Amino acid sequence: MKKEHDQGKYKYGMVIDLDKCTGCGTCMVACAAENNVSVRPDESDKQRSISWMQVYKADNGKEFPEAETVYFPRPCMHCEQDGRGGHAPSCVSVCVATATTLDKNTGIVSQIYTRCIGCRYCQAACPYKARYFNWWDAYFPVDKGLERYLSPEVSPRMRGVIEKCSFCHHRLMRARTKAYADGRRKIKENEYITACAEACPAQAITFGDLNNPKHKVAQLIKSKNAFRILERLNTKPKVYYLSSRDWVRKIADNPVDEFSPISG
Amino acid sequence: MDSKLLPEGVERCSFGMFILWMLPWLAILAWGGLAAVLCLVKGLNQTNMSNVFAFALWIVFDLGVIALGAGAFFSGFLTYVVGKKELKNIINAAVIIGFICYSGATAMLGIDIGQPIRGWFIFWHANIHSMLVEVSFCITCYLGVLIVEFVPIILENRKLDQIKELHIFGHNLHHIMGVIAASGTFLSFFHQGSLGGMFGVMYGRPFAARDGFYIWPWTFFLFVLSAIASGPCFTIICTKLTELLTRKKLVPDNAIQLLAKVSGWLLSLYMVLKIADTLVWIYDIAPRAGFKFMDFYREGPYGVWMVAAELFVCGIIPAIMLMTPKIRENQGMLVTACLLNCTGIILNRFVFIIVTLAIPVMPFDRFLSYLPTWQEWAIGFAVIAYGFIVFSLSYRYLPVFPKERELNPIAG
């Protein structure tokens, strides 16, 4: 076998089971630690803090005892399209300096920090609010020992640029390198998973190749309970959700007359 | 003190008085300069922009002044390409206002980006699919065109005109003004349009998203039309303000009336198309994304009143006023109509920028509001102050209004 990297057509995606999610926030913490997300001495200004994985809370609007809550963990959706048939997500097509791209081989939407000029047009174009701007210089308090947790695999971001979830792209690189060293062309199903999927104590997050019918994610998205957030915008996100609760599936999109499960 | 620099045969206030007039504007400019330094050194955390309000006051200012600065290219088009000779009496003022608007907006954009040093990446790593790239290219080129249009006016200064080489250079520039004006029109058409396109292509934001023709959403064409409908009115307002402050008549009525009439008809055409666009948005685009018209106005201060204000109070009413000769011939009514028209366009830009971002798209997300910091206001006001300074200097030292001498003969 020729020893080389596999450049096949993968479509990495995520399925989050909302019936399992407890809203504990471990995914947020794991993501921030894994990806060298900068902090602030005072993190109370939530509109300007950075959280690649953000957990949103929603409820069914009913009083006790019918009251129910759901948590929507929201990474970057790594959309396929812009919503009008353009073959790149909105954030990619609007970027002035080609600082964000959709990798057709992996389906991952990247962000090139050293090319971003910080115009924030991508941020305005993203309906999921998945993009974050560095309002301050990167800060990792030395006296708190946070600098010791910094990962050498992920470059920290400078002030004035956009950053977002990369589906832990460095983990894909790591898995590929390992496969290469082992003389394999393909990486195994669980060899590349994101930090949030690995850390979730309820195992609510599943990660894998949506194009590979053997992968669990490809099977899960066929469930009648599978749906995506803002399906109607037609941006074709690669993050799917599962819920057996009708109201949860409905609240993921703007008023829909009738819920219809995803086809394909 | 500076009498040798003043144009011949016209009256100007004393140098001391002029300095006194300039002082407050210089103070505001310095205040804006301080805010700009803070933003460049400390970063955009000096503003109240956030991950929700990625665009804010500065972009409203930018889009506003660029729309109002459209008087320059459109008057140039009417004067040099269509051949409306009477507009030669106001074209200099229109060009200077355009130059102020575009250079002010460009300077502001330089502060608004997170990495100003990488600004050139827009040209080097240009993403040809981005409307903002089209905006950047056209604005930069058009600013060049405006400089070329402004230079001959500067060279007409009494002292500079005495230098033979400069006199010949300026005179030759005048000869190619038709070509310059035509290229300015071409560039302006595309950047005014692509500024609108920027919002129309935000398909993930149903409040701003629009369908369109080929690669251009309808907002592309509406922004062009609204800019050429309001730009001439802004030129009229600036001229009238100069006349008020100098207590002189500077531009013959026929030029003003022609601009007002053209503005009125363009505004009425814009209104027809804008109302059609709004109806398509309400009944087709918004429902496709799962929104009803009133869903957009569920929370916050941005209510349906904004639609009414934009379309009726600042749209249909000034259009009727400007189209009706009897009304526009009355000076007070003319200025009121122009002010309403310009307010409507600023409101339109505000709605597309701020309201688009304020309205959450995810149903479980919430509405958030934004108030600018003093740094943002300071930089915004500094652009206005810069405009007053450049226009005042131009008026004092350059023959901006060709008919000034004829309309205000100096006794004795």
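Heads up, the Cβ atoms here are built off N, Cα and C, so glycines get one too.
TrEMBL lists A:12-42 (among others) with the feature domain '4Fe-4S ferredoxin-type'. Secondary structure by DSSP for the domain '4Fe-4S ferredoxin-type' (A:12-42): 9 helix, 6 strand, 16 coil.
Within the same chain, residues 10-13, 38, 40, 48, 50-52, 54, 74-80, 89-92, 94-101, 155, 157-167, 169, 172, 210, 229-230, 233, 235, 237-238 sit at least 6 positions outside the domain '4Fe-4S ferredoxin-type' (A:107-136) and bring their C-beta atoms closer than 8 Å to a C-beta of that stretch. Annotated domain '4Fe-4S ferredoxin-type' per TrEMBL: A:107-136 (among others), in sequence order.
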Query: Where else in the chain does the domain '4Fe-4S ferredoxin-type' (A:12-42) make close Cβ contacts, counting only residues six or more beyond its ends and a cut-off under 8 Å?
result: 49-55, 57, 69-73, 75, 78, 106-108, 134, 136, 138-141, 146, 149-151, 154-157, 163, 165-168, 172, 192, 194-210, 216-217, 220-221, 226, 238-245, 248
- request: Kindly report the helix/strand/coil residue split of the domain '4Fe-4S ferredoxin-type' (A:107-136) according to DSSP, in that order.
  value: 5 helix, 5 strand, 20 coil
